[in-house]
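According to Swiss-Prot, the ATP binding site annotation covers GLY169, ASP170, ARG171, GLN172, THR173, GLY174, LYS175, THR176, on the basis of sequence analysis. Annotation source Swiss-Prot lists site 'Required for activity' at SER373, citing sequence analysis.
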Amino acid sequence: MQLNPSEISELIKSRISEMGVDSQVRNEGTVISVTDGICRVHGLSGVMQGEMLEFPNNTIGLALNLERDSVGAVVLGEYTHIKEGDPVKCTGRILEVPVGPELLGRVVNALGQPIDGKGPINTKLTDFIEKVAPGVIARQSVSQPVQTGLKAIDAMVPIGRGQRELIIGDRQTGKTAVAVDAIINQKGKGVYCVYVAIGQKASTIANVVRKLTELGAMEYTVVVAASASESAAMQYLSAYAGCTMGEYFRDRGEDALIVYDDLTKQAVAYRQISLLLRRPPGREAYPGDVFYLHSRLLERAARVNAEYVEKFTNGAVKGKTGSLTALPIIETQAGDVSAFVPTNVISITDGQIFLETDLFNAGVRPAINAGISVSRVGGAAQTKVIKKLSGGIRTDLAQYRELAAFAQFASDLDEATRKQLERGRRVTELCKQAQYKPLQVWEMAASLYAVNNGYFDDLEVKNVLAFEKGLQDHLKSKYADLVARIEETKDLSKDDEAALRAAIEDYKRSASF
């Protein structure tokens, strides 16, 4: 039998064409070691900083250290099944999380996956968790208020939309309570909220979610939870994930408020990752870039101008500015605000609210130290009526604290000093407020007007809060039109001032104090 060479070549060609081999080019490496959620991978020559890596069983990792002959990656989630010699693939993608209004009312983890047992979240968009903050030209000055509903804050350290206001204090001084009250008070004000819980007990997070649900605040809130049982990587990333979810609203001409509770635990998680990656430690064993860790996060909170919003939405939204207001929380040790992380965050933010253990234990809650709490930009954003009436409050309180220290040693005080001490005691009492009971603008205005004009001076200190509550009920029932006007205009005209004075005097005559 004679074979024709051309037939043989045709036969080989047809067999090759029928094989249908699908070739794939990919960058692949091998796991060298696994320790505490950190994998060292050999290979992956074309990997990017911050790129997502694919480990066996669909486990995701993040490339953080790019070295000469290996890559240091942190595993997001369970890592006990990963072993030496396992293959690792590059995905060519930077870490993203789902964003959009579909997340409102839900509890998610640092990767945007639901953990509240209410089923999947069908978001239409995803966005990068690490983004560059808006530039100088894209920003607009802070000029609109964020009402927290807390007298002590709205009167003395006002917060504006787009501001970063630090809440700092020892453990158990009511830091979370202040932030949660601020979220509750945004109901009906068109501000979307994001609450990021970092390294907290799962029971504490559950309590916050339950309270927000009870008070109807979950409708406009996303909770990003990375509890103490989660890996250090998830705690480190949760703040950036929450920020991206808040930026979705900012970039579309809406207003958003984000609470980071707390950034001390995020810094500790980042320190753990850095030390395991063998990065050189610096002060307090933190890595050299711990300042950048927080600055790049907090700089993303800003008020952006209408041109930025219009450009971002391709002309779909016109004439609206967007804002992301940040309330980072820092926990101090024995009131030491000069430690590394507290000083870093104080220098990044636009002001701070100091909460003190002594005041908290003395029953002054919220336990705000008026002397050293400041708001560097909020004054321009303060509600008109509160700005008019709150000028004397801060001075009265600061002077009272100083005089009270001297008064302990002095036996005979002159009349002016005694009056100032008495006024200070009443102002301190008035600044007390129950948790989950934020006040409306008109309620705050009535209280501030009454204390400024001496209507509390002849009351006993213990009756101040009862008088305030009675006055609010009296105004609501008999002066509803005045209340509505103050609430609508957020200002106090001469006629309204006269009406308010008459209303307070009328109540004082009838009240039994």
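Backbone N, Cα and C atoms are what each Cβ position is placed from, and that goes for glycine too.
A map of Swiss-Prot features onto the structure.
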residue: GLY169; record: ATP binding site; DSSP (3 states): strand
residue: GLY174; record: ATP binding site; DSSP (3 states): coil
residue: SER373; record: site 'Required for activity'; DSSP (3 states): coil
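The binding-site residues in question are GLY169, GLY174, and the one with the fewest Cβ neighbours inside 10 Å is GLY174. A straight line from the CA of ASP170 (ATP binding site) to the CA of SER373 (site 'Required for activity') spans 15 Å.
LYS175 (ATP binding site) counts 25 other C-beta atoms within 10 Å of its own C-beta, drawing on all protein chains shown. Within the set of recorded positions (GLN172, THR173, THR176, SER373), the lowest number of other Cβ atoms found within 10 Å of a Cβ is recorded at GLN172. In sequence order, GLU331 are the residues near ARG171 (ATP binding site), counting only same-chain partners six or more apart with C-beta under 8 A. Note: the CA-CA distance between THR173 (ATP binding site) and SER373 (site 'Required for activity') rounds to 15 Å. A sphere of 10 angstroms centred on the C-beta of ASP170 (ATP binding site) encloses 18 other C-beta atoms. Each of GLU331, LEU355, THR357, PHE360, ALA367 belongs to the same chain as GLY169, ASP170, ARG171, GLN172, THR173, GLY174, LYS175, THR176, is absent from that list, and has a C-beta within 8 angstroms of the C-beta centroid marking the ATP site.
A gap of 18 Å separates the Cα atoms of GLN172 (ATP binding site) and SER373 (site 'Required for activity').
If you measure from the Cα atom of GLY174 (ATP binding site) to that of SER373 (site 'Required for activity'), you get 15 Å.
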